[in-house]
Amino acid sequence: METEIPRSTEISETLLLPETNLDHGEYVPEWKEQITIRGLISSALLGILFCIITHKLNLTIGIIPSLNVAAGLLGFFFIKSWTGFLSKLGFLSKPFTKQENTVIQTCVVSCYGLAYSGGFGSYLIAMDERTYKLIGSDYPGNNPEDVINPGLWWMTGFLFVVSFLGLFCLVPLRKVMILDYKLTYPSGTATAMLINSFHNNTGAELAGKQVKCLGKYLSLSLVWSCFKWFFSGIGGACGFDHFPTLGLTLFKNTFYFDFSPTFIGCGMICPHLVNCSVLLGAIISWGFLWPFISQHAGDWYPADLKANDFKGLYGYKVFIAISIILGDGLYNLIKIIVVTVKEICNKSSRQHNLPVFTDILDKSKTSVLMREKKKRDIIFLKDRIPLEFAVSGYVGLAAISTAIIPLIFPPLKWYFVLCSYLVAPGLAFCNSYGAGLTDMSMPSTYGKTGLFIVASIVGNNGGVIAGLAACGIMMSIVSTAADLMQDFKTGYLTLSSAKSMFVTQLLGTAMGCIIAPLTFWLFWTAFDIGDPDGLYKAPYAVIYREMAILGVEGFAKLPKHCLALCCGFFIAALIVNLIRDMTPPKISKLIPLPMAMAGPFYIGAYFAIDMFVGTVIMLVWERMNKKDADDYSGAVASGLICGDGIWTIPSAILSILRINPPICMYFRPS
């Protein structure tokens, strides 16, 4: 996810209760039995769906919520439906265990994770000719030789050589991070509790209702998306996606509700603070800042420039958004490194500050808890992953990657790739440890760091491509390492084998290396990707290419006062984060998140309206019936997102066949 947000908030507290009700006599299958053919088939189908959803979000707004709940729920639904169907035909089927459910969820998440860390909405597409032309052929540092257009084969090959290294670099530390440090990995813990709840009587009944709820809203979302298509016309300015719900004046400043089930679903999943931060960012930028700068057209920048010219207002939009993102990312990177070092060095602090389960249980339950913990520890450590296997795997893959990547990206020399792999394990540890403490995984922040360093060293002789490729290497390793450790936590709490988790991650990553490029290619061939006036703007492609150019050229060619404004917003992002950490929780939870505020500065205000509608729905629902909201909101939101995502497939096929919508619904002043 480009905008990285805490993910644990999407699961209600009631799902944590089954943790204390572990049945000590339950059968735990061997690690090979936890990985089934039906599970892998379900994972592949769900991986396709979630890759499409991730691409759609990545290419429109760049904010991707966690889909772990939907993956676990739909995995449960697929296998239960399959076993139920076979039983009606008179066939006996293997019992569906929580370990198999965990394997499916892990496989799906590792598969669709590559749709994000693979850079299809950021660093890879930033290399293409459209992004080059959008910035301008006469723009300093934007050279025609720094162009590599997307290709299905080279993108697939690139993913295969970079995506597996992160799985090997931290495997030897799984005992240290899960058992010794007792890192919580809130999203992994919450997902485990959700899966545990599915496989007891009470939880199975609720899960059945959640599946029905998800199916209902998935159908509604699919039908609505199909209905909208008939009015969307040719081009990008027709239909409900451009409905001036707040009036034509505000519509010109991108303030309108576009009836998007995906964005409403995102608003229901994301914390209220994230949605309010996004809306605040939209109000500051499109309500005040851009109109103010527009008044100085002809003074600060030439008045006759095109809307997408970086010498004009467009330059302010992109570079101020970059400044906020970098300020927020730098602060959190330093914060997590400091917390990591402090926690490692201070053993007593680690024991008292980390939320260990024994802290919240009565003394009468201590013996039960100890038996539960002992059983988990035994199962987690039972199937070893040899140290020599992990080390040799990392070294071997790094050697192959060091040889192949310079063939794909000639400006990125082999010694840059080698240096990246030497420092990557340390950065992966920092990110994984930080994710375990705070639930914030920040692969794009580490990637941008590598981007700037490599681009500035290489310079004008291919620095843009080299920086973007280095960003991809770092993002892939750091992201997959954190995901693996989080899945180890999920497996630990569901009595799943660590070896089955690791093998499933390998299988899911292999699926993702094929599925993610194929599903992206569907978008690439069917839609006008990167059109700033279209639906699939690919907003972060321009931002990443500009970052690389900035690393090569410096700040000399920015529009008038742009550097001063960028510095101001960069410092503001640092200060806001510092205030959030220094104030009491009652106050800090009301302070906006700079990273969430940055998106609308460049993309527009319309998706902020949609996401705020989602948060209003949740607030009203929680006020009316909090238990139902806790139980079913995730299913409703996932249904809205999945239904709209499924419609992308027939929509893309119609576009490829040149079948256009029959009606253009358009609005103009009377």
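The backbone N, Cα and C atoms fix where each Cβ goes, glycine too.
Residues of the same chain lying 6 or more positions beyond the ends of the transmembrane segment (35-55) and with a Cβ under 8 Å from any Cβ of it are 64, 67, 70-71, 74-75, 78-79, 82, 94, 100, 103-104, 107-108, 111-112, 114-116, 120-121, 262, 500, 503-504, 507-508, 511-512, 515-516, 519-520, 522-523, 641-642, 645-646, 648-649. According to Swiss-Prot, the transmembrane segment annotation covers 35-55 (among others), on the basis of sequence analysis.
The transmembrane segment annotation in Swiss-Prot covers 59-79 (among others) and rests on sequence analysis.
As annotated by Swiss-Prot, transmembrane segment applies to 107-127 (among others). Sequence-distant contacts of the transmembrane segment (107-127) (same chain, six or more residues past either end, CB-CB distance under 8 Å): 1-2, 39-40, 43-44, 46-47, 50-51, 53-55, 58-59, 62, 64, 67-68, 71, 75, 146-150, 155, 158-159, 163, 443-444, 447, 451, 464-465, 468-469, 471-472, 475-476, 479-480, 483-484, 487, 504-505, 507-509, 511-513, 515-517, 519-520, 529-530, 538, 540-545, 548.
Residues or ranges marked as transmembrane segment by Swiss-Prot on the basis of sequence analysis: 151-171 (among others). Long-range contacts of the transmembrane segment (151-171) within the same chain: residues 114, 117-118, 120, 124, 177, 385, 390-391, 393-394, 397-398, 400-401, 404-405, 408, 421, 424-425, 428-429, 432, 472-473, 476-481, 483-485, 502, 505-506, 509, 512-514, 516-518, 520-521, each at least 6 residues beyond the stretch ends and with a Cβ under 8 Å from a Cβ of the stretch.
Residues or ranges marked as transmembrane segment in Swiss-Prot: 273-293 (among others). Residues 5, 63, 253-255, 267, 300, 313, 316-317, 320, 589-590, 592-594, 596-601, 604-605, 607-609, 611-612, 614-615 of the same chain lie 6 or more positions beyond the ends of the transmembrane segment (273-293) yet place their CB under 8 Å from a CB of it.
Annotated transmembrane segment per Swiss-Prot: 318-338 (among others), in sequence order, evidence recorded as sequence analysis.
The transmembrane segment annotation in Swiss-Prot covers 389-409 (among others), and the record cites sequence analysis as its basis.
Annotation source Swiss-Prot lists transmembrane segment at 416-436 (among others).
Sequence annotations record features per position, and here Swiss-Prot assigns transmembrane segment to 450-470 (among others) based on sequence analysis. When Cβ-Cβ distances below 8 Å are used as the criterion, the transmembrane segment (450-470) is approached by residues 119, 123-124, 126-127, 141-143, 145-146, 148, 405, 408-413, 416, 420, 544-545, 547-552 of the same chain, each at least six residues removed from its ends.
The annotation transmembrane segment is assigned in Swiss-Prot to 507-527 (among others) on the grounds of sequence analysis.
Summarising the annotation, Swiss-Prot assigns transmembrane segment to 559-579 (among others).
Look at Swiss-Prot and you will find 601-621 (among others) tagged as transmembrane segment, backed by sequence analysis.
With a threshold of 8 Å between CB atoms, the same-chain residues lying at least 6 positions outside the transmembrane segment (318-338) that come near it are 285, 289, 310, 430-431, 433-434, 437-438, 440, 442, 444-446, 448-449, 542-543, 546-547, 550, 558, 562, 565-567, 569-574, 577-578, 581, 593-595, 597-599, 601-602. With Cβ pairs under 8 Å as the measure, the transmembrane segment (416-436) is packed most heavily against 389-409, out of 389-409, 507-527, 601-621.
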